[in-house]
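As structure tokens, the structure follows; a few thoughts come after it.
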Amino acid sequence: MSERKLFTSESVSEGHPDKIADQISDAILDAILAKDPEAHVAAETAVYTGSVHVFGEISTNAYVDINRVVRDTIAEIGYTNTEYGFSAETVGVHPSLVEQSPDIAQGVNEALEVRGNADQDPLDLIGAGDQGLMFGFAVDETEELMPLPIALSHKLVRRLAELRKSGEISYLRPDAKSQVTVEYDENDRPVRVDTVVISTQHDPEATNEQIHQDVIDKVIKEVIPSSYLDDKTKFFINPTGRFVIGGPQGDSGLTGRKIIVDTYGGYSRHGGGAFSGKDATKVDRSASYAARYIAKNIVAAGLAKKAEVQLAYAIGVAQPVSVRIDTFGTGTVAESQLEKAARQIFDLRPAGIIQMLDLKRPIYRQTSAYGHMGRTDIDLPWERLDKVDALKEAVK
């Protein structure tokens, strides 16, 4: 008898409180990098009814109007109506940013490898901004080489935002969540969607019947291929019956609380570090991107159907302390060969990653909602498949 299993992932919209915080943090990062590409930034944000607090550590000579960046970001998301309890022009903005600790800066600005070494490699100059472990993942379930549950979850909330911003569904408000359960067969291949959960904020006059029908017809059926839906697929749409109060009025939000949404929906392991508000010297962010870059190129090269890459670092040290690749029995070559090839082809020192992926640019605000990985709507360097041939050659 064949054994089938279920796996579930979720996503949240750009109007979710935690995602508002992520987007503000990354908008501040982008604004600083646009003026000072060498800046070190760790910007955290907290949002709640009528108030935004921005705090953290920054080293830069650039001036950025934090108040304006915060308000513009909130307006772009769609919080422009005071009835929402959180509005771009009326919210209180409270910045509290200080300079990066000199104890941390000395290890980032001069890595262990170059201290007292006159013949230094410029890419050894930057040490990791902290210790930690980071994961990257890819699987051949979708065109973008992402797990199907998180890919569909992201597309559902993005579709809701499109319908809200275009005015096609006029009663929608910015806050929303999605969740998709996919059934896998005995070969670990997705065969159908078992359950879809969507909760979307709405104006008080919208009826449950109207919301239910619109979400099924204009969101679910537009996003999920019909081949994955059948008469046993379950839909739970606004299952509480009412979702008028939402966003920061309904729940406080913090930067870095949606790290599973940001990555692989729980399908792969996670090192625990968040991304938003951090410049690329923070390996929580840059090494996670590098690990995805490696994993995606491995799968695209046909060297595995599924690949997970772990990188680990010591603070103030440029070279990773470990590189581990797991192909879960799907690899066509030994994992040790892939690890050796990855070290040869991908420069995994922080400065090497920054150069390889061109990470000093203001590109981060666009990643802070709807996932950092598997994006086909924007051009992200860690999603490129330009190392496929090099990997194939390296493992011959």
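Just so you know, the numbers here start at 1 and follow the chain as drawn.
Backbone N, Cα and C atoms are what each Cβ position is placed from, and that goes for glycine too.
Small disclaimer: the values here were computed from a predicted structure and weren't measured.
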Where Swiss-Prot places region 'Flexible loop' among the ranges 12-22, 100-110, 122-132: 100-110
From binding-site residues E57, A176, K278, K282, the one whose Cα lies nearest D18 (Mg(2+) binding site): A176
Spatially closest candidate among H16, D251, K258, the listed binding-site residues, to K282 (L-methionine binding site) (Cα to Cα): K258
The region 'Flexible loop' (100-110) [mean pLDDT, rounded to integer]: 57
Inter-residue C-alpha distance, A176 (ATP binding site) and E44 (K(+) binding site) (nearest angstrom): 22
